[in-house]
């Protein structure tokens with residue numbers, strides 16, 4: 001008989017967190033990951049739920065997420081340990097009927113709680129649900145090394161970061177034509193950075209936190225991981241190019257436009273118009 005550990009969403013979280021740790025993006029308890037589920041996903045595993053689910057109030061109501069279940073990583077938990085003990089490091093939670101709080105249905109044992117970045121995740125989920133008609137289900141935050149490095153040497157401007165990442169690898173414009181948003185430095189784990197991230201997610205599926213990390217949104221764990229992985233690969237190329245004296249030639253504006261036409265995507269116009 002299968003248990004909730006065998007469920008696709010638990011196995012998917014195990015793989016995503018393990019892969020992210022192996023990439024070097026999630027040292028210690030760095031990074032967090034949430035996946036929005038349907039009632040039909042969790043209903044077969046009701047026998048595994050806690051007998052008395054703990055209730056935790058949200059710092060602000062999230063009516064868009066009312067009655068929605070999620071699987072989330074825990075606060076202070078190490079991604080490298082998720083595969084060793086999923087129930088201690090992950091949790092299935094369900095937002096209540098008015099969006100005021102949530103019950104921990106499974107996991108997060110020994111009084112553990114969801115990630116401290118839950119406000120940023122839930123606010124971003126709310127915005128991406130509206131923007132994508134419910135298609136986006138994943139929010140991933142990690143400390144992608146080369147993306148962080150670039151925030152120290154490039155002007156922290158959305159159009160510039162977008163253009164440079166598009167130029168760093170041909171596939172980038174196809175994978176994130178909506179570009180990369182970037183915030184000012186802010187204290188993590190607060191409603192303020194959560195709100196700013198969510199507002200930026202109205203325009204971009206990738207949001208950089210300077211000197212800290214990146215947020216990504218997508219329809220599946222694979223798509224969201226791949227989104228960040230693609231941007232991080234381009235950032236790695238750019239770090240190497242900058243260390244070798246900078247670009248001598250690159251993909252031009254006209255070539256980027258041609259690329260968008262070939263793959264039927266609409267590139268962020270302000271990034272295209274930044275320079276020839």
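Cβ coordinates are placed from backbone N, Cα and C, and glycine is handled just like the others.
Taken from Swiss-Prot, the feature active site covers 117. Within the same chain, residues at least six positions away from residue 117 (active site) with a Cβ under 8 Å of its Cβ are 32, 141, 188, 189, 194.
The Cβ of residue 143 (Zn(2+) binding site) has 19 other Cβ atoms within 10 Å, all protein chains considered. The secondary structure of residue 143 (Zn(2+) binding site), as reduced to three states from DSSP, is coil rather than helix or strand. Taken from Swiss-Prot, the feature Zn(2+) binding site covers 141, 143, 212.
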Worksheet item: Residues near the Zn(2+) site, 141, 143, 212 excluded, by Cβ within 8 Å of the Cβ center?
Response: 30, 31, 142, 144, 148, 188, 209, 213, 214, 215
Worksheet item: Can you count the other CB atoms that lie within 10 A of the CB of residue 141 (Zn(2+) binding site)?
Response: 29
Discussion item. So if I measure Cβ to Cβ from residue 212 (Zn(2+) binding site) and keep only same-chain residues at least 6 apart in sequence, which ones fall under 8 Å?
Written reply: 143, 148, 185, 188
